[in-house]
Amino acid sequence: MSEDLDDVMRSWDQFSWDLVRPDVVYAFVSDKVLRQDRLTEGRVYVQNGVIIPTPDENVQVVTIDLGKDTILAPGFIDLQINGGFGIDFTSSLGEDSSGLQEIASKLLQYGVTSFCPTIVSSTPDNYEKILKNIRVFNGSKEGAGCLGAHLEGPFISLSHNGAHDPKCIFDYPKGIQDIDRMYGKNLKNVAIVTLAPEKENSMSIIKYLTEKNIVVSIGHTDASFEEASGAIENGARMVTHLFNSMTSFHHRIPGVIGLLGHVRHAEEPLYFGLVADNNHIHTTTLRIAHNAQPSATVLVSDGIAALGLGDGKHSLGSQIIKISGTRAVIDGTDTLSGSVTAIDQCVRNFLDVTGCSHAQALAAASYRPAQVLQISASKGNITHGADADFVVLDNELNVLSTWIQGRLVHRAQIV
């Protein structure tokens, strides 16, 4: 880090939460700005936490110099994170919401400004307790915002359960009645449900959840290509950690992975979640996914309780997970169990492995997750009217600072 950039970064402290004035327009100036999936030149104007058009000449404008060779991008949005820093959402949120706020605070260092706390397969009693302790909230000086829960299970395949406890996997023979019995009827704080579409009554369930503005994602599944395509036709919008915990691809029996050949259009958009930790997916496989669907790849961390911690044993739901380096497995097995790689490192890995552009790598962790949730008018997008939630990076995509509502909430340590 150059001395010039050191000085610039120190100057950002004057724009911390309590020092920014709502009546002043702030002009963020960097070498490049990510707009959707393109890097452009220009400056970004912010007032009262929202991105605005170029202001009139008589308006007071304060310039925030982000330094040479910097990129201003929308803050990262992590749609699948099971916990971190010793906290497992499935376990802790059954008690209270303190763990949610603690993780929200610590995610700022990775450039994350919004996330979906992810709950692995559990029981009706536990879902009732958990969902009482999850609420949607915007980011603040206290931490990243919560976009709603990602319920990964329990209506998944026993043969592709991954790290999910087999005792917590269920069918829904009574359809919607079983959904209400499992999750409860109040789903206002649920953003995503991952399910296996080959299960009986899945198509009606997908329609039901979609009508409630809940994203249905296909995952932990033995579905055929035809069953997966039917799920898309009925409203499913995403595939959860593509390639992992699903039937392998065969040239005559493509399965869910065959959806990479899906022709995307407005009526049936489809996105593919990828864990780019260099453990879940071979580098060649990651390149295949990107080359097949470059505008539909969505990076997720799939982070577990051991994210941010060292080697050792940690909990994930009812399972014990062993961490060694960047690899997390169910203790005593070789079964992968989530990731200990944060989303910013996933972005850098994706850039290095696929040879994609900086813009594509950054969009896969910001703009496209917002598209999945249909919130790109306000999140994950540097556009007029959107929330001024930003991450500032260098050209190697290292996080230099994180901003929420146009206010500095994290600055990388200056050595």
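A Cβ is built for glycine as well, from the same backbone N, Cα and C atoms used for every other residue.
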Pick from His220, His262, His265: which one does TrEMBL list with Glu152, His241 for the same Zn(2+) site? His220
Just jot down the residues in the same chain as Glu152 (Zn(2+) binding site), at least 6 apart in sequence, with C-beta under 8 A of its C-beta; none if empty. Gln80, Thr118, Ile119, Val120, Ser121, His164, Thr194, Gly219, His220, Thr240
Residues lining the Zn(2+) site besides Glu152, His220, His241 (CB within 8 A of their CB center) are Gln80, Gly153, Ile156, Gly162, His164, Thr194, Ser217, Gly219, Thr240, Asn244, Ser245
DSSP three-state assignment (helix, strand or coil) for His220 (Zn(2+) binding site): coil
